[in-house]
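Notes to accompany the following structure.
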Amino acid sequence: MSKEKLISRYNAAERINHWIVAVCFVLLAISGLAFFYPAFFWLTGVFGTPQLARIIHPFVGVLMFLGFFRQFFRYWHHNLFNKEDIKWMLSVKQVLSGHEVGDTGKYNGGQKGMFWLMTGCLLVLICTGVIIWRPYFAYYFPIELIRVALLLHAWSALMLIAGIVVHVYAAIWVRGTIRAMVEGVVTHAWAKKHHPRWYREVTGDKHKP
Amino acid sequence: MSLQSQDILRRSASPTQPPIAREHKAEVAKLIDVTTCIGCKACQVACSEWNDLRDEIGSNVGVYDNPADLTAESWTVMRYSEVEQNGKLEWLIRKDGCMHCADPGCLKACPSPGAIIQYANGIVDFQSEHCIGCGYCISGCPFNVPRINQKDNKAYKCTLCSDRVSVGQEPACVKTCPTGAIRFGSKEDMKEYAQERVDELKTRGYANAGLYDPQGVGGTHVMYVLHHADQPELYHGLKKDPQISPVVSLWKGILKPLSTIGLAASLLFGFFHYIGVGPNKAEDDDEEDKV
């Protein structure tokens, strides 16, 4: 198959942006789970020592937030829900069996839901993260607020991790998707099957199947 | 190999039982008789002396409290409260510091294995070399006691002189108290002695005198005899019914199994979905693979 038949989905800047956020997420999830689950405390070793993990985790968190912030402004307008997304979500069982539903644009209902879940979690994580950040900021907040922030930080982090598990699995399951974020391109067949409306937009194909 | 006490009741962030072969040790308690305290601060000095702490010399903020608050290098401070009771001014003086709870919130909140331990005798002790400086202990404590040292980012608090107690001595503050307001012994003995004091206070007109051994934290290994046990708040805001915050209990309690189930479910779903349905391929992907 010739190179011309491939469709560009993510440019280099978008891909680099995504992978910076992704690497930050992995480091944060590993060290964060270490702080949360006593039996996995040894995972603090991802940053060398437990003390270093405590020190570095929040800085990586800020980097992830900034990276995600940039992504948010790249993609938010592609992630507003419409009727087709409702149709997609109501037929999610059929989608999971491999049969696409609805005239999906750049993102389907599930991806849009994931986008807003990530956005919500990131906002909660950055706000609560600053409140519980020792030794720099925690001193400025009352203890009751710090307690609530600790709970919300853990809770939203766990939601995000569960969400990312789904995000990663979806990318693995739907063949050709990882290539979109690594090489930046997808095949016509991929685009036609999974994102028909987006396919018509980028190819100028007016024929609606 | 280091000397080991092998009487560790609980150890922070440790799912399995720590060494407990010598669990027969009696529970100890420090009894602070607020009614016979004269506020001389000898206990503060003795604490700093024995523990070899040299807090910065602060400045007078217009009240007797000095230092004005607990710090990482001032593990006990006298709290002075001027209150009106029965139409008379009362000067209430309370020695503040770690209460050594039977159910310690600091230990519950701590994420670092072995950074906080509780001995069989009830003493709750920080093992500073394992401390990571996260401050979770501060959020767990219902008495606002632990403080993080800016020099090393480690949390510190009263050890109940665990080093002295382990060799059969009383804590330094007890040793030095000139009026005998601070006593130390087995928790049972201290409760008995407290009862004598309470009975005597009652004969002297303090009808609400009583022992402060709050059950919300399982009782404490530092107890107070109070003239107004019905209003502990009078003593510089001593809590009437201190408990580990329910927010901390949620965070360190139910959230763990719930999130384990959630994470496991999402992983298992992915795995079995793939096994069951197989990859989701677009039609001509196979052709492309051949190229």
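Heads up, the Cβ atoms here are built off N, Cα and C, so glycines get one too.
[4Fe-4S] cluster 2 is bound by B:C158, B:C161, B:C173 in TrEMBL, and the record lists one more residue there from B:C37, B:C40, B:C47, which is B:C47.
Record check, TrEMBL: [4Fe-4S] cluster 3 site residues include B:C98, B:C101, B:C106, and the candidate from B:C131, B:C134, B:C141 also listed there is B:C141. [4Fe-4S] cluster 4 binding, as stated in TrEMBL, involves B:C131, B:C134, B:C137; the candidate among B:C110, B:C177 given for that site is B:C110.
Listed as Cβ neighbours of the domain '4Fe-4S ferredoxin-type' (B:122-151) (distance under 8 Å, sequence separation of 6 or more from its ends, same chain) are residues 9, 27-29, 70-73, 97-102, 104-116, 157-160, 162, 165, 187, 216-217, 221, 239, 242-245, 248, 252. With an 8 Å limit on C-beta distances, the binding-site residues from B:C43, B:C101, B:C134, B:C161, B:C173 that reach chain A are B:C134. According to DSSP, the domain '4Fe-4S ferredoxin-type' (B:122-151) comprises 8 helix, 5 strand, 17 coil. Counting neighbouring Cβ atoms within 10 Å of each of the binding-site residues (B:C40, B:C106, B:C158, B:C161), the lowest count belongs to B:C40. When Cβ-Cβ distances below 8 Å are used as the criterion, the domain '4Fe-4S ferredoxin-type' (B:28-56) is approached by residues 64, 66-67, 71, 73-78, 80, 91-95, 100, 121-123, 158-161, 164-165, 171-187, 190-191, 193-194, 197, 201, 206, 209, 220-227, 235 of the same chain, each at least six residues removed from its ends.
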